[in-house]
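J.: Pulled from TrEMBL, these are the listed features:
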type: TRANSMEM; residues: 38-66; note: transmembrane segment
type: TRANSMEM; residues: 86-111; note: transmembrane segment
type: TRANSMEM; residues: 132-156; note: transmembrane segment
type: TRANSMEM; residues: 224-248; note: transmembrane segment
Amino acid sequence: MKPAMETAAEENTEQSQERKGCFECCIKCLGGVPYASLVATILCFSGVALFCGCGHVALAGTVAILEQHFSTNTSDHALLSEVIQLMQYVIYGIASFFFLYGIILLAEGFYTTSAVKELHGEFKTTACGRCISGMFVFLTYVLGVAWLGVFGFSAVPVFMFYNIWSTCEVIKSPQTNGTAGVEQICVDIRQYGIIPWNAFPGRMCGSALENICNTSEFYMSYHLFIVACAGAGATVIALLIYMMATTYNYAVLKFKSREDCCTKF
């Protein structure tokens, strides 16, 4: 029989090897995580959620403000109401599409890492795989350019609401000379082109304009449009990261047969 001390030493050695093996396995798994795609996915989901959720509510509040204060005739803003309703439906589609697209790009990032090669054997590329990866590169670039336009478009209502808010701040300023001066300070919403020039009343002045700025619809819509614009900007950043990740993954797949390189994207 072996001495008790030798048996205990062997058991300790086996336990240390098991712990070392588990540690090395964890390190390999963490080393194979596509961190860039993971960060881009989280940022993309957050940005799209902010843009779609806040934009949907802000558009509804904008319609309420127009109907109650700037365009009392329904026929004057009927087209605008239809466009806003259409945009709200488009928002639903955008949210669903980016939820699926983000998951697909994240999955592609995982399956082009060295962890896949080590866990599932030799990772061989095919023409179909390279074609799909190239398609993701092209589609991500197109979406990135499109979202630059969305980001710019989302800044328009922020600019409009900021002008109205700044005018209200001028009215509240103690430097304004008397009631007559206050009533001469106006905002004409028709100049933004969202309602026709024959819409009535079309503009608000003085204390009436200040009351609009104090309504909950204006306050919520203004801040929600700011958050939606920030969400669109976050989505643009996420797509830029996706561009780098998909381009790198495509290059790895293309040159996989010539050199044994691994990707961490």
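The count begins at 1 with the first shown residue.
Just so it is clear, glycine is given a Cβ too, placed from its N, Cα and C backbone atoms.
Would you situate these features in the structure and describe their surroundings?
T.: Within the chain carrying the transmembrane segment (86-111), a Cβ under 8 angstroms from the stretch's Cβ atoms is held by residues 32-34, 36-38, 40-41, 44-45, 48-49, 51-52, 55-56, 59-60, 133, 136, 140, 143, 235, 242, 245-246, 249, 265, all 6 or more beyond its ends.
Long-range contacts of the transmembrane segment (132-156) within the same chain, counting only residues at least 6 positions beyond its ends with a Cβ under 8 Å from a Cβ of the stretch, are 51, 55, 101, 104-105, 108, 112, 225, 228-229, 232-233, 235-236, 239-240, 242-243, 246-247, 249-250, 253.
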